[in-house]
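Accompanying notes for the structure given below.
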Amino acid sequence: MQNIDLISEEEAKKLLEELADKIAAYNHAYYIEDNPLVSDSEYDQLFNTNLKLEQKFPHLVLENSPSKKIGAKITNKFAKITHQIPMLSLSNAFDEQDVRDFVDRIKNFLRLDEFAPIFCEPKIDGLSFSAIYKNGLLTTGATRGDGYVGEDITANIKTIKNFPHKIDNAPEFLEVRGEIYIEKQDFLNLNKEQEEQGRDKFANPRNAAAGSLRQLDASITAQRSLKYFVYSGGVTEQNLASSQEQLLIKLKEFGFSVNEISKLTNSEEEIFTFYEYLKTNRENLPYEIDGVVYKLNDFALQNRMGFIARSPRFATAHKFPAIIGRTKLLSITVQVGRTGTLTPVAELEPIEIGGVTVSRATLHNFQEIMRKDVRIDDYVFLQRAGDVIPKITGVDIGKRPNDTIAFDTPLFCPSCNSKLHYAPEDIIIRCDNGLNCPAQNYERIRHFVSKNAMDIEGLGRKQVEFLIDKGLISNPLDIFFLKEKNDSSLTKLENMDGWGKKSVENLFKNIEQSKNVSLPRFIYALGIRHIGEQNAKLLAREFGSYANFIAQMELLSKNDLDIYQKLNDLEGIGDKILVDIIDFFDVKENTTLIKKLGEVLNIEDYKETREQSSLTGKIIVFTGSLPTISRAEAKATAEKLGAKVAASVSSNTDLVVAGVDAGSKLKKAKELNIKIIGEEEWLTLIKNV
């Protein structure tokens, strides 16, 4: 990853776009498919890089920034349930200094002179849930989903042993939130059963819990030994108690399972003592934990702290260090991605790390192999933190055989055998054979049908591979003629291995439904290099309709300078991305395919939707010292109400809130005749919004 301190604005734009796409894909795999693609530590590194870039270039923050998102978009398998208040993620702390910074932020935000008590709880590695009770009866259970909308798992949650279906002396309306998990021994037993029945084993206990809970047949869930802890009262918690400590006592009285291994701390030293205790004893616990959660204990102070887009300010998760293992590197395979990028993957002698068997690890890129001097038959060190594909951190040189040789970077594509293109500035190697490369064509079709693109459920990896191998599809357009081809064929798809009448009917129904698609999704589905969801939305907003989009792209490919400049002026689109767009539309097959898709699809014009309120979109500047609230708290409140907080006064400023010792900003506001109010007026204003 590039040095953030040295990165240019243009490089930052490109990197933020790449990070948004990559993290969104990892979120979908983790939250929806229950199939993590990268280690927790690697994910956290990418997420923190995104945050640092946004802090350095706040004007480049994307609409689909990972810092604004919580989980991943939900599937269509279960009914949707909207959470009354979002089920947010937590920010992370990785060392003692991060925790000290967290404590200092609380003090500064709330203007406290002394340590505010912090409640500490183990961070359970499971699946988050919400449960609603009305008049003491369990009526609804839901997953976290994307944080705002979850999946209805009411029938499944009722099968969990000791999960209350009825509560005595409960309020008229009650919500509880917590974590559903599977104990280590039950996980091993379940995997043994899976293996005996010829089914795929679960990668880790979290995947097993998530996969067991998200079953359409609740009787399957009932057969799994799921357990739970509650830790929150959701929308109702502040009606039940005045602190986190009191809340857990109350929830236990109602009959819920709460984690007894928790502690109210009154100093940083007590926090670190509790953390070390859990870190040392985690292997002795019957369930997996991956850190400690710290929450401001007082609910009134929590209310004042509030939230940022993705997480509460009053809580953080202190992660445990990754688990390290060592095993033999058997071989290095090379995968070819949708845009031709080659990625090396280490094939390993299976090793158990933290209760999970690992046989593959990412090597990221070929420079990484050279930098670490990783060789076949080496013994390598692995770092794992709740992941499926961990990271290789180094080589045990002392165990290296004498006859090993350095890994040769490939010269030809392993899929189509064409000569490879080296792009040292991108640290990548690419196959430029496009759709003539079987691997790229396969990945392009996979991308086209994916959840955030055309969203054709029933076309997973195996199905796409099968249809290509049988010659039933060779490009995205063929998908929409698959039913027609099947109807006229003597050998029906439903009679082939892996298919049945119902699955084929559902597939054709899903293909038909996907024909109605928004312009941003369609552009994203095309798989243009560096055009992720955010840039697809930018292009859709700029051109408005499919017809205008394709017409302008054809002009761009003919070097129309007006279109080039118009796109270059868009925030998020730069010279490098424009070159990728031009290269894509320079290929005649691409343009022909898009035009034919336009004939069979109903591509909806772009529509901008914005939620309006009296402060939405207003630009506000705070200056000087406010008597009773911190600037951070005032800014947070303004942003929560939809306003934009600026650092300087300009003709675009709508309102200036001035405190004591307001200086040049106040003077400039007067010169520009901008409305100026004090703290008292500000507090009245936000109270009435």
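Glycine is no exception: its Cβ is also placed from the backbone N, Cα and C atoms.
Feature annotations, reproduced from Swiss-Prot:
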type     : residues                                                                                : note
BINDING  : Asp40, Ser41, Glu42, Tyr43, Asp44, Ser89, Leu90, Glu121, Arg144, Glu179, Lys295, Lys319 : NAD(+) binding site
ACT_SITE : Lys123                                                                                  : active site, N6-AMP-lysine intermediate
BINDING  : Cys413, Cys416, Cys431, Cys437                                                          : Zn(2+) binding site
DOMAIN   : 610-689                                                                                 : domain 'BRCT'
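Overlay of Swiss-Prot annotations on the structure.
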| residue | record | DSSP class |
| --- | --- | --- |
| Glu42 | NAD(+) binding site | helix |
| Leu90 | NAD(+) binding site | coil |
| Lys123 | active site, N6-AMP-lysine intermediate | strand |
| Arg144 | NAD(+) binding site | coil |
| Lys295 | NAD(+) binding site | strand |
| Cys413 | Zn(2+) binding site | coil |
| Cys431 | Zn(2+) binding site | strand |
| Cys437 | Zn(2+) binding site | coil |
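When other Cβ atoms within 10 Å of the Cβ of Arg144 (NAD(+) binding site) are tallied across all protein chains shown, the result is 25. Comparing CA positions across the binding-site residues Glu42, Asp44, Leu90, Arg144, Lys295, the one lying closest to Cys413 (Zn(2+) binding site) turns out to be Glu42. For Arg144 (NAD(+) binding site), the nearest of the recorded positions by C-alpha distance turns out to be Lys123; the candidates were Lys123, Cys416, Cys431, Cys437. Other Cβ atoms within 10 Å of the Cβ of Cys413 (Zn(2+) binding site), summed over all protein chains shown, number 24.
Local packing around the Cβ, expressed as the count of other Cβ atoms within 10 angstroms, is greatest for Glu42 among the binding-site residues Glu42, Asp44. Spatially, by CA atoms, the recorded positions Lys123, Cys416, Cys431, Cys437 include one closest to Lys295 (NAD(+) binding site), and that is Lys123. Each of the binding-site residues Leu90, Cys437 was scored by the other Cβ atoms within 10 Å of its Cβ; the lowest score goes to Leu90. Across the structure, Asp44 (NAD(+) binding site) and Cys431 (Zn(2+) binding site) place their CA atoms 30 angstrom apart. Among the recorded positions Glu42, Leu90, Lys123, no residue is found with its Cα located within 10 Å of the Cα of Cys416 (Zn(2+) binding site).
Counting other CB atoms no more than 10 Å from each candidate's CB, the binding-site residues Cys416, Cys431 peak at Cys431.
Each residue in the domain 'BRCT' (610-689) gets a DSSP state, and the totals come to 28 helix, 16 strand, 36 coil. Counting other CB atoms no more than 10 Å from each candidate's CB, the recorded positions Lys123, Lys295 peak at Lys295. A Cα-Cα distance of 43 Å separates Lys123 (active site, N6-AMP-lysine intermediate) from Cys431 (Zn(2+) binding site). Within 8 A of the CB centroid of the Zn(2+) site residues Cys413, Cys416, Cys431, Cys437, the other residues of that chain are Val336, Gly340, Pro414, Ser415, Asn417, Ser418, Leu420, Asn433, Asn436, Pro438, Ala439, Gln440.
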